[in-house]
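Trainee: Quick one: structure below, then a few questions.
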């Protein structure tokens with residue numbers, strides 16, 4: 001086993017993988033359904049398992065993300081199928097959604113929740129799992145992505161609604177709470193991104209026009225129709241887009257705040273649909289604002 005893992009690690013290193021030993025072990029642990037690294041070193045592989053292991057290693061060597069090789073991720077207690085038709089849920093999103101869940105648990109009067117551009121369904125399904133009093137609707141423009149989200153809802157026994165369509169088009173009434181992770185990479189950022197992103201994750205879910213800001217202009221134009229008066233929304237944004245997004249919404253008379261993550265990078269934009277200029281902080285634990 002030591003020899004196999006050493007060869008696997010050396011192969012991944014030669015392919016530019018940043019943490020080759022850890023990833024060689026992770027891929028093998030997933031294949032053998034072993035949760036302990038110490039148990040891994042005691043395992044024995046059949047010739048068929050070795051062949052399958054090297055097949056997965058070669059995929060990783062081609063810079064296919066590990067999550068796509070495994071075919072699943074865990075997100076706040078929800079097991080999600082992930083394929084190249086959907087984005088891989090990010091850790092910073094998981095940390096943030098924990099706080100959104102806390103907000104909904106504190107504000108029981110907020111009973112309708114939209115997860116727009118839902119992809120795998122990670123946000124909406126996690127909200128439904130932890131906030132059963134909330135009616136959750138997930139939407140996406142991609143039929144393939146929506147099919148995966150629906151499959152994830154079934155496998156986790158979570159009752160939610162699904163709508164197929166572009167941004168806010170499929171919704172017929174406004175929500176109390178909205179979360180949207182629109183495409184926000186510029187062309188330049190996309191072509192400079194890691195091969196794991198550029199060559200494997202879905203272009204349509206990543207790129208928001210030449211500047212990366214196309215969808216925020218559209219959202220700002222129609223946000224009053226999608227949120228009830230007093231409704232709140234959080235939009236995921238690029239790490240340097242905070243000021244630009246704030247100006248887009250302010251130009252439409254919508255006040256909001258940029259929330260930063262633990263690394264002090266722009267991460268979310270909080271907004272509230274109300275007639276006056278006062279906006280509640282939108283701050284959640286671990287995310288500062290400006």
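Placed from the backbone N, Cα and C atoms, the Cβ positions cover glycine too.
Feature table excerpt (Swiss-Prot):
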BINDING   140, 181  S-adenosyl-L-methionine binding site
BINDING   181, 182, 183, 184  substrate binding site
Trainee: Out of 181, 182, give me whichever of these binding-site residues has the highest number of other Cβ atoms within 10 Å.
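Mentor: Per the Cβ count, the most surrounded site is 181.
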Trainee: For the binding-site residues listed here, 140, 183, 184, which shows the highest count of neighbouring CB atoms within 10 A?
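Mentor: The residue with the densest Cβ neighbourhood is 140.
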Trainee: Inside 8 A of the center formed by the CB atoms of 181, 182, 183, 184, which other residues of the chain have their CB, for the recorded substrate site?
Mentor: 117, 180, 205, 206, 208, 215, 235, 236
Trainee: If one measures from the C-alpha of residue 182 (substrate binding site) to the C-alpha of residue 140 (S-adenosyl-L-methionine binding site), what distance in angstrom results, rounded to a whole number?
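Mentor: With distance taken Cα to Cα, residue 140 (S-adenosyl-L-methionine binding site) is 10 Å from residue 182 (substrate binding site).
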Trainee: Using C-alpha atoms only, work out the spacing between residue 183 (substrate binding site) and residue 140 (S-adenosyl-L-methionine binding site) and round it to an integer in Å.
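Mentor: Given the Cα positions, residue 183 (substrate binding site) is 12 Å from residue 140 (S-adenosyl-L-methionine binding site).
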Trainee: How many Å separate the Cα atoms of residue 184 (substrate binding site) and residue 140 (S-adenosyl-L-methionine binding site)?
Mentor: 15
